[in-house]
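Working notes, structure below.
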Amino acid sequence: MRYTRLYCSFGPQYRHFSVLANVKPQSPTLEDLVHVSARVAHVSSLHEMLQLFARTRVPMKGKACHAQVICVGLQADIITANMLIAMYAKCSLVDCARKVFDKMPERSLVSWNTMIGSLAQNGEEQEALSLFVEMQREGNSFSEFTVSSVLCACAAKCAMFECKQLHAFAIKAAMDFNVFVGTALLDVYAKCNLIKDAIWVFECMPEKSAVTWSSMVAGYVQNELYEEALVLFRKAQMMGLEQNQFTISSIICACASLAALIEGNQVHAVLCKTGLGSDIYVASSLINMYARCGCIQEAYIVFQGVEEKSIVLWNAVISGFGRHAHSLEVMILFEKMQQTGICPNKVTYIAVLSACSHMGLVEKGKKYFDLMTREHSLSPDVLHYSCMVDIFGRAGQIHEAYNLIKNMPFDATASIWGSLLSSCRVYRNLELAEVAAKQLFELEPHNAGNHVLLSNIYAANKKWEEVARARKLLNESEVKKERGKSWIGIKDKVHSFMVGERNHPKIAEIYSKLDNLIEELEKLDYKAETAHDLHYVEEGRKQELLRHHSEKLALTFGLMCLPSNVPIRIMKNLRICGDCHSFMKLTSSFTGREIIVRDTNRFHHFKNGYCSCGDFW
């Protein structure tokens, strides 16, 4: 009601408010003092409303205030104009903010800072940079907020050249050690993959805020330096720094990428103490972490504990169940989400289609792909087509997958051709494998995996001359093949293994234990599946190579060190081979242990001689 009365009280008598400055000095009457006091009160209330509508992001009421500003002749007032720019910026009406800025007869430093900041925050990074250049050319003064805002624009654009220029500018202006400028600098360097420069800036800063630490942790995670992120987070904890949701989300992502369950549990405990667990993005990161660590039940418990479930949370839990081959749960959650009134988006459909792919559910996949456009009016993008290609390919419908690639309204990505090539390897389709490989060599000339995959397809079809030619081409190029590696966490240490491992301190004991295990499994009719070794060597040599695969070594070490009631969790950087898959199934039955393997594609839960993937992966 107060603001309604204020709107009505403004009248034509205030249209020439600014002429008060030209009035000749004379003794003011009581009536004059009352009028001036009323006008000041009106202006103060107008400013309060602009600030209120900026905070609450109500653009229509903000525009009504703008009309009143014009009515009382305050459009040339610097403070009022700055408030208008800020209000429009908060309401994402950057064009309106720019019009106010351009019409200002005189601008203060706050005017420039507010306008540059609003451009940077609303995706107009190039305009922000251009306005900063204009500001310098006009000889206007600047502050640390100006420089940090422009650096934020550089970070959004990953503009490395401009960032280095601004860094030099900050050094000349003696602002490089300012906490705002330093934080913005390390953030832009990290986002531009110049992590060494970001670390240098961080270490040189004499003063660091909680945002600075958060930005550095996020920078490590963005550059896949997950262990370094965990170390820095631990250091921040020891210093007693207050944690925010951004730091926590970043560190949870690091735990997820490393499958570091112990550290993830510790971060979860920190969340319970700080009360940040209710944050939607923190909760979704936590769900993703547990799912990627093989603890899908714990992920679901976190999901259930959040009262207000957003589409982000639903997508996280649906993706988690899909990754663990729980296709039925995926479909049930998909229906439950809609029953709560939340419509699926494109990310939801990617999760559902991926689940169909992992379980070979071709008809279900077709149904959801059709439902996406027919029921929810969502246009499939290249990721949805990639899922469909994967669904067809994994089910052996190679030609259907290839026809979909040819007819889709996008250029096929490397991921799509890679999916087709992988399917060709499984079903030994040489003709389409060569087509897919040719495309991949053009799209990813430095990816050794494509050369290796084609070579393996030739080897599976016993085309040894082609194998030799493919491997020669790989050796002559500068690309490097990624070696298979598996790792397992025991207490507070991660142990990694490669095929033929010799460096582990307990390797002799591991080999002895593995040999004894294989002897016991052979009594249960285990026989090394040498078809999965694609080297052109004798049968005995193939058996020896398969015997010492990295995941077998990691499993053996887990059996040696972990209590019998604890699941053995193994991570692998490549796809688990068929022989190791059979070995894990038999071992789970023979030892009565639950074995969880996360390979590059999915999770495999081995228990009582069975795998959650149903031997389809």
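Backbone N, Cα and C define each Cβ position, glycine as well.
According to TrEMBL, the repeat 'PPR' annotation covers 77-107 (among others). Per-residue confidence over the repeat 'PPR' (77-107) averages 82 (mean pLDDT, predicted model).
Annotation comment: TrEMBL describes 108-142 (among others) as repeat 'PPR'. Secondary structure of the repeat 'PPR' (108-142) per DSSP (helix as H, G, I; strand as E, B; remaining residues coil): 26 helix, 0 strand, 9 coil.
Annotation source TrEMBL lists repeat 'PPR' at 209-243 (among others). Listed as Cβ neighbours of the repeat 'PPR' (209-243) (distance under 8 Å, sequence separation of 6 or more from its ends, same chain) are residues 179, 182-183, 186-187, 189-191, 193, 195, 198-199, 202, 250-251, 253-255, 257-258, 260, 263, 270, 274, 276.
Away from its own ends, the repeat 'PPR' (310-344) comes close to residues 280-281, 283-284, 287-288, 290-292, 294, 296, 299-300, 303, 351-352, 354-356, 358-359, 361, 364, 376, 378, 602-603, 605, 612-614 of its chain (Cβ-Cβ under 8 Å, at least six residues beyond either end). Marked as repeat 'PPR' by TrEMBL: 310-344 (among others).
Annotation comment: TrEMBL describes 507-534 as coiled coil.
What TrEMBL lists as domain 'DYW' is 526-617.
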Intrachain neighbours beyond the repeat 'PPR' (108-142), with Cβ under 8 angstroms and 6 or more residues off its ends: 78, 81-82, 85-86, 88-89, 92, 94, 97-98, 101, 149-150, 152-154, 156-157, 159, 162, 173
DSSP residue counts for the repeat 'PPR' (209-243), split into helix, strand and coil: 26 helix, 0 strand, 9 coil
